[in-house]
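Visitor: Here it is, the structure in full.
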Amino acid sequence: MKNIKTMTMEWTGNSLVLIDQRYLPLEEKYVECRNYLDVANSIKDMVVRGAPAIGATAAFGFVLGAKEFSHLSDKNLFLNKLDEVKNSLSKTRPTAVNLFWALNRMDKVLKDSFQNEETNDLVKTLEEEALKIAYEDIEINKQIGKNGETLLNDGDTVLTHCNAGALATVDYGTALGVIRAAVENGKDIQVYADETRPYLQGARLTVWELVKSGIKTTLITDNMAGWVMKQGKINAIIVGADRIARNGDVANKIGTYSVAVLAKRHGIPFYVAAPLSTIDIETKDGEGIPIEERNHNEVRFCHKTRLVPDDVNIYNPAFDVTPNELVTAIITEKKVLRSPYEKNIMEVVTL
Ligand SMILES: CSC[C@H]1O[C@H](OP(=O)(O)O)[C@H](O)[C@@H]1O
């Protein structure tokens, strides 16, 4: 399978080049990850972010680890080293289940191939698997787009929160993929993008992506979402997800829950677009989803401007959980899921 290059990442065969999303939209800078620790740091520091993008990135990080230790003649030592690699990568961020899904998939390929392949061949097999994960993600996102665009009407205005676009995936996006697919299908769609404090994925990434795609976009601050809904400006809401529990509770960027409550209040459909790899059937409901808390300075400063002194207390949960009763539908690559979610989720994951 040939090396991959998209807006989000490029696999060169010996390194993973990531667009450094911390500097967008003002600067397009890149980080070249030459080993698995570079990859782990890039995920942890949000050089790359977004559940599917994190998963694919971790898969390539696993390959870089395999390359780094492929000189070991003792295959069991090689296996132990790759356990360490998997462990390091899995500690980077706790909420997006795609990270663990991708690492478990790479680990399974390693264990399934271990007895029959020499180390160098194992590295090639793992590289092929990481490339499969990346190429599959793009096709999955396009299928999510096709399934979801049927929910949007010509002339609709859609509100989105955070960034669930090409930059949050290998390419095309999930929530923004639905919007792209509707536009590609000839529908006139415009978008209201929440800025999404504190990391500003909406203002910095979603607006940048949609403007580049020629999609009419209006940036609003998070506290304006309710008012634009009250004014009747919004026909639908579409967001991504980091982890969906077996009962359909959805963990997504902080502020998503508030948007879902407001959507309910105003009778606006609230859609979640996500691949099946974001569904975690091992987690019964939203109570079981680990919520990442990030560095307080992400709140203390707003793009280098200090908002409060160091002695002011700060709370910085990076995600929240939207209960399934506020979710109109979950758009996956297999089908659009509606309540009762547990029954429909268990059916679709076993298809
Ligand atoms: C397509 S998943 C995107 C999902 O990931 C974002 O979180 P983060 O930027 O912290 O990785 C956000 O929750 C998006 O909805």
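Each residue's number is its place along the chain shown, starting with 1.
Cβ atoms here come from the backbone N, Cα and C positions, even for glycine.
Curation does not apply to TrEMBL; its annotations are automatic.
Keep in mind it's a predicted model, so treat the numbers as computed, not measured.
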Visitor: Using only what TrEMBL says about substrate binding by R49, G50, A51, R93, N252, K253, identify which of Q143, Q201 is listed for that site too.
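Guide: It is Q201, as the record lists it for that site.
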Visitor: Can you name the binding-site residues among R93, Q201, N252 whose CA is within 10 A of the CA of D242 (active site, proton donor)?
Guide: N252
Visitor: Among G50, R93, K253, please name the binding-site residues whose Cβ is nearer than 6 Å to ligand 1.
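Guide: If the test is a Cβ under 6 Å from any atom of ligand 1, the answer is G50, K253.
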Visitor: Secondary structure at N252 (substrate binding site) (DSSP, helix/strand/coil)?
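Guide: DSSP call for N252 (substrate binding site): strand.
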Visitor: Output, ordered by sequence, the same-chain residues six or more apart from N252 (substrate binding site) with a CB under 8 Å from its CB, or 'none'.
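Guide: In sequence order, the residues whose Cβ lies under 8 Å from that of N252 (substrate binding site) (at least 6 apart) are H161, C162, V239, G240, A241, D242, V272, F319, D320, T322.
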